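In what follows, a single structure is set out as structure tokens and then discussed.
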Amino acid sequence: MVMAWGVALWSLATFLTPWAAETSLWALLAMRALLGVAEGVALPCMNNMVARWFPPTERARAVGIAMAGFQLGSAIGLVLSPILMSRAGILGPFVIFGLSGFLWVLVWLSAISSTPDQNPQISKYELEYVLKKRQEPLVVEKVPRNTVIPPFRRLLSKMPTWSLIVANAMHSWGFFVILSWMPIYFNSVYHVELRQAAWFSAVPWSVMAVMGYFGGLWSDGLIRSGTSITLTRKMMQSIGFIGPGIALIGLTSARSASIASAWLTLAVGLKSFSHSGFLVNLQEIAPQYSGVLHGMSNTTGTLAAIVGTVGAGFFVELVGSFQGFLLLTSVLYFMAALFHILFSTGKRVNFEETSSAE
């Protein structure tokens, strides 16, 4: 229900954005704020649902498939928006995407339940399989019912929590810098028209959707073959950060739009391995607090995305080089990878005590 309300509200905010813009600046800002507040529930809800529905050996694939929609939505939005605006004006993308969100809510409410045992459509075999394969029955219910405020101090007292916060911050920084600035980058550096630049920027997101699933498939296979969850998550996250860091360095030296697009595609494709790293790890270190942890790390990630997206503009204005900002992002990727390697774990963390021994 939380997910349904979130999608309904952000679809409404999207739908009303053009009319809000015509009314006043404050109305526009209110709609954008409503959009952000509503979207804030999406990834924590997703993580909580995955923890309830999928056993550990299938979670990376589940997250990979779910996040594929995230990337395909970015790709489709980048391609369709210029087309819709050229045919229906500025209203086009907002109306179509807003109505699509309402349609999705109807499908979601008719087909989904919060837990497998509440779903009237699940077969007896599947329900028994899920409950048997999952390490703990409905871990989300282990939080005491009288607990209203999550134990934020205890959560923040553990370094694995900070490894997730840093990883999410860097992941969001890279994601939104690339999403927001690459069309302009191709336009200003390679003189590609904005509509064509949207295609150059959309292809990497499509590749990311596919690579994310294969990363999840590989991750689950490693765990089934006996590789520890801790080592598997560190491997996936290292690929998801070091790979894009190297690829962005290559992007800065590209002499043509096609070569730059190839480097960008490689960066975004390897970045998807993060979905089998920190994104799944949220459910493993504290399944009963997976939604809370995701919300906390997402807050940091959103702030990092704001700083990165806005900072890129100021950096280019002051220094006069977007390549310099890409190199800075590469360095941050390497540092975040090292931090995650040092402090992350795939084991359950005891958040009931404040000592750091784990």
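Just so it is clear, glycine is given a Cβ too, placed from its N, Cα and C backbone atoms.
Automatic prediction, not curation, is the source of TrEMBL annotations.
Residues or ranges marked as signal peptide in TrEMBL: 1-21. Among residues of the same chain six or more beyond the signal peptide (1-21), those with a C-beta under 8 A of the stretch's C-beta atoms are 27-28, 30-32, 34-35, 37-42, 45-46, 49, 90-91, 94-95, 97-102, 104-105, 108-109, 114.
Per TrEMBL, domain 'Major facilitator superfamily (MFS) profile' is recorded for 1-348.
Sequence-distant contacts of the transmembrane segment (30-50) (same chain, six or more residues past either end, CB-CB distance under 8 Å): 2-3, 5-10, 12-14, 16-17, 20, 59, 62-63, 66, 114, 140, 279-280, 282-283, 290-292, 294-295, 298, 302. Marked as transmembrane segment by TrEMBL: 30-50 (among others).
According to TrEMBL, the feature transmembrane segment maps to 62-84 (among others). Packing against the transmembrane segment (62-84) from elsewhere in the chain are residues 46-47, 50, 53-54, 92-93, 96-97, 179, 183, 194-195, 198-199, 201-203, 205-206, 208-210, 212-217, 272, 275-276, 279-280: each is 6 or more residues past its ends and has a CB under 8 Å from a CB in it.
Counting only same-chain residues 6+ beyond the ends of the transmembrane segment (90-109), those with a CB under 8 A from a CB of the stretch are 3-4, 7-8, 10-12, 14-18, 77, 80-81, 84. Annotation source TrEMBL lists transmembrane segment at 90-109 (among others).
Remote same-chain partners of the transmembrane segment (162-182), defined as residues 6 or more beyond its termini with a Cβ less than 8 Å from a stretch Cβ, comprise 74, 156, 197, 200-201, 204-205, 237, 240-241, 244, 264, 267-268, 271, 274, 277-278, 281-282, 285, 293, 296-298, 300-305, 307-309, 312, 322, 325, 329, 332-333, 336, 339-340, 342-344. Taken from TrEMBL, the feature transmembrane segment covers 162-182 (among others).
TrEMBL lists 202-223 (among others) with the feature transmembrane segment.
Among the features that TrEMBL reports, transmembrane segment is placed at 235-254 (among others). For the transmembrane segment (235-254), same-chain residues at least 6 beyond its ends with a Cβ under 8 Å from one of its own Cβ atoms are 60, 167, 170-171, 174, 215, 219, 222, 260, 262-264, 266-268, 270-278, 281, 323, 326-327, 329-331, 333-334, 336-337, 340-341, 344.
Summarising the annotation, TrEMBL assigns transmembrane segment to 292-316 (among others). Long-range Cβ contacts of the transmembrane segment (292-316) within its own chain (Cβ-Cβ under 8 Å, at least 6 residues beyond either end) map to 36, 40, 43-44, 47-48, 150, 152, 155-156, 161, 164-165, 167-177, 180-181, 278, 282, 285-286, 322, 324-325, 328-329.
TrEMBL lists 322-343 (among others) with the feature transmembrane segment.
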Residue numbers, six or more beyond the limits of the transmembrane segment (202-223), whose CB comes under 8 Å of its CB atoms: 56-65, 67-72, 74-76, 78-79, 178-179, 229, 232-233, 235-236, 239-240, 261, 264-265, 267-273, 275-276, 280
Taken over the domain 'Major facilitator superfamily (MFS) profile' (1-348), the model's mean pLDDT: 85
